[in-house]
């Protein structure tokens, strides 16, 4: 069990702006010897398998249930909103060596299950933040 991440999606069609508000994560897997992790959330805007843009939250030291309440904003023109998706990764920050991805989830018209539903709800309710919990899955 890798944990879950809670975030809202809000799309402003007139401005062509997608706002991902990362609210919190819970029950994250401990990645450090201390029994904790130093998690941050990285959101990547994807199109046709390529990463267009990425944004990150701050790092929360020694937490398995961090709160963020941070908005990550992407410019997505109205005509391309159906052709992009988001990969939301919860990453353990390490001073030494590589940062490790604890788990991730995907939202977008090409995602499966909850990720597709969340995206569809966002598109159906422009200018309104739609909040959901997503279960993290392993990086394949």
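Here the Cβ of each residue, glycine as well, is placed from N, Cα and C on the backbone.
Residue counts for the domain 'C2' (1-134) by DSSP state, with H, G and I taken as helix and E and B as strand, are 17 helix, 66 strand, 51 coil. According to TrEMBL, the feature domain 'C2' maps to 1-134.
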Take the domain 'C2' (1-134) and average the pLDDT across it for me.
96
